[in-house]
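Trainee: Below you will find the structure I want to go over with you.
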Amino acid sequence: MWNMGLLFLIYYCVSIYSAKGDTKDGQVLPLDVGALAEDAGDAEANGEDTPERNSESSVLDTTLAFEPQASTQSTPIHGAVPTWRPKRDNCTPPAIEQFPQPLMNKWARQHGGLILHILVAVFTFFGLAIVCDEYFVASLDRLCEELKLSPDVAGATFMAAGSSAPELATVVIGVFFAKDDIGISGVIGSAVFNIMFVISVCALCSGTVCQLNWWPLVRDCFFYCVSILVMLIIIFNDVISCFESVVMLLCYVGYCVALHFNTELERWALGLNLPFKLPSKEEQSALVTYKNVPEGSYTQESVGQTQGQKATDDSETRSAKPQSDYQDYSDPNPTWDPNAAWGDESQPNPVANPPPVDDWGMGHSGQENMGYHADQPESVVTGDGPPAAVKSGGQVVSTQATSAGGNDYYKSTDKQREPRRDPLLRPMEGGLPALVSWYVVYPIHFLCKKTMPDCRQEQYRNWYPFTFLMSMVWISFYSYFMVWMITVIGSTLAIPDTVMGLTFVAAGVSVPDALSSIAVIKEGFGDMAVSNAIGSNVFDILVCLGLPWFIQTAIIKPGSHVNVISKGLAYSTLSLFSTVVFLILSTHLNGWKLDKRLGIILMVWYLFFITLASLYELNVFGYMNPPECPSTY
């Protein structure tokens with residue numbers, strides 16, 4: 001320990017001497033003070049090529065794992081700021097050393113022990129999905145109701161945090177524990193996973209063709225592009241400051257404000273002369289948000305044949321209007337009964353119409369809206385915003401309007417038509433696969449049930465603050481073990497952390513979003529599934545990255561900055577623009593419908609993007625990611 005302290009003192013003195021020698025050029029380079037010991041790669045990057053520095057570099061390379069206490073002394077060098085993590089040009093500090101030492105050494109892991117780490121990582125994926133879906137989202141649902149937030153703001157803040165909690169926890173662990181790029185790469189990979197893989201699986205799993213509305217898709221993609229641009233500008237110089245993290249958070253505040261005025265923006269957009277097929281009023285209703293038909297019966301000819309065959313005079317009048325007349329479509333229509341549109345007559349309405357026939361000549365009878373229940377009128381929300389949140393298991397929080405005279409704040413939908421089945425009870429149906437899956441997730445359900453009250457149940461509805469806190473603890477627990485196991489796997493297989501983040505971590509943290517979108521697409525909610533997948537990406541980039549960076553640079557170590565080690569992440573972020581353009585272009589060329597053909601196209605593009613991004617991180621196209629430094633773990 002005494003020898004290491006002496007080496008650091010020698011290194012510090014040489015650094016000051018070298019920096020003073022550079023003043024003859026009229027420029028003083030910043031010196032990183034008070035963080036970790038830096039090696040010869042930093043000296044070369046700063047132009048410090050003195051003989052004394054070169055003689056010390058070979059000795060200092062042996063102290064890469066040395067982590068001294070942060071110095072409180074100031075330095076006379078102008079512009080010096082403490083860094084959170086040293087950047088090295090010769091090698092990347094091993095992230096595995098930031099975690100407890102594994103029980104198995106590297107030789108044991110390479111000869112079969114790695115399978116245990118893989119199983120633990122998969123188990124953490126299940127844990128994150130169950131905790132987020134069953135408890136965390138439910139507590140946020142009740143929290144939004146108690147705060148009486150507007151539906152759009154609730155959906156863009158708390159409910160978005162529900163499905164994106166694993167991404168946020170992963171970035172926090174990557175910044176404060178692993179101290180590497182696994183959090184950033186996980187967010188980038190999760191963004192591609194949501195916008196390509198999840199939507200592709202939704203299209204492949206759906207047995208119907210869902211006609212998509214262009215406005216929610218274009219709106220979400222626009223803000224998604226803005227968030228990508230902000231992220232690209234911020235990480236392009238490989239450092240993140242406090243000001244830049246604040247900019248990211250303010251951008252998300254602007255996104256919430258835009259969602260609050262979604263009605264005005266939508267009216268303005270629909271008043272434009274755009275070459276898109278506008279949906280009917282039923283399609284824009286809070287309850288009828290999609291059009292779906294059996295996949296084999298969708299043809300362009302059938303569209304033309306059924307345009308003039310409307311079930312009511314009102315729909316005939318709408319079909320004859322020009323596009324510019326649709327700008328007032330969202331005004332309340334008291335003569336249209338949403339219950340009648342679904343074939344539900346359990347609620348009386350003085351002006352009830354028969355179930356309308358859609359553009360494909362098919363009625364809506366027998367189809368269930370997941371955000372509305374006839375026996376629970378209080379669960380319906382008003383507001384003209386996009387879907388606030390989607391929860392797997394047949395539960396959706398809709399944030400669109402039913403009438404102008406209703407409540408304009410968020411309402412919980414935690415009451416269900418059918419009682420929930422106790423997950424601790426052994427399944428009687430499904431055979432061996434259901435029994436095996438029950439045994440696998442039984443420990444997760446058991447621990448959650450014993451430590452957190454289910455605030456969806458009537459007797460625990462007021463316990464949502466405790467459920468919220470405990471679910472955050474469990475999410476942090478599973479996320480920590482997930483990042484730990486992924487780091488061990490990558491270190492054992494000599495795979496960079498950024499590649500593991502783009503692939504395995506991205507898939508693991510996106511499980512809640514994937515389950516939500518797949519659940520609603522099976523019910524025919526194409527717009528809702530796509531909006532859930534794209535909208536969560538805005539939260540992932542602006543909040544899941546901006547908030548941990550702000551805490552680190554403004555609260556924990558004011559004046560410091562966070563370093564981005566891999567240069568390939570900037571190229572991966574730039575490539576995210578291609579995913580947005582490809583999604584909109586392919587959807588438009590496919591007639592704004594979600595079918596199996598679009599699903600296959602998106603799946604191929606996802607595999608291509610992940611392969612290209614991984615090759616960047618593996619230095620196939622140039623020196624982007626320094627190799628990992630030797631480690632004794």
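The backbone N, Cα and C atoms fix where each Cβ goes, and this holds for glycine too.
As the structure is a computational prediction, the values presented were derived from the model and not from experiment.
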Trainee: Is it the same side of the membrane for Leu424 and Thr492, going by what Swiss-Prot records?
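Mentor: Membrane side for Leu424 and Thr492, as annotated in Swiss-Prot: identical.
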Trainee: So are the transmembrane segment (569-589) and the transmembrane segment (158-178) touching or not, going by 3+ C-beta pairs under 8 A with a sequence gap of 6 or more?
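Mentor: They do not touch: fewer than three Cβ pairs between the two stretches lie under 8 Å.
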Trainee: Sort out for me which stretch, of 221-241, 242-262, 428-448, 536-556, 598-618, has the most Cβ pairs below 8 angstroms to the transmembrane segment (501-521).
Mentor: 598-618
Trainee: So, does the transmembrane segment (536-556) come close enough to the transmembrane segment (242-262) to give 3+ Cβ pairs below 8 Å, pairs being at least 6 apart in sequence?
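Mentor: Checked: the transmembrane segment (242-262) vs the transmembrane segment (536-556), in contact.
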Trainee: What else in the chain is close to the transmembrane segment (598-618), if you only count residues 6 or more beyond its ends and a Cβ gap under 8 Å?
Mentor: 185, 188-189, 192-193, 196-197, 199-204, 496, 498-499, 502-503, 566, 568, 571-572, 575, 578-579, 582-583, 586-587, 590, 624-625
Trainee: Check for me, if you would, whether the transmembrane segment (158-178) reaches the transmembrane segment (428-448) - at least 3 Cβ pairs under 8 Å, residues 6 or more apart in sequence.
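Mentor: No; fewer than 3 Cβ pairs under 8 Å.
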Trainee: Decide whether the stretches the transmembrane segment (469-489) and the transmembrane segment (112-132) have at least 3 CB pairs under 8 angstroms, with pairs required to be 6 or more apart in sequence.
Mentor: yes
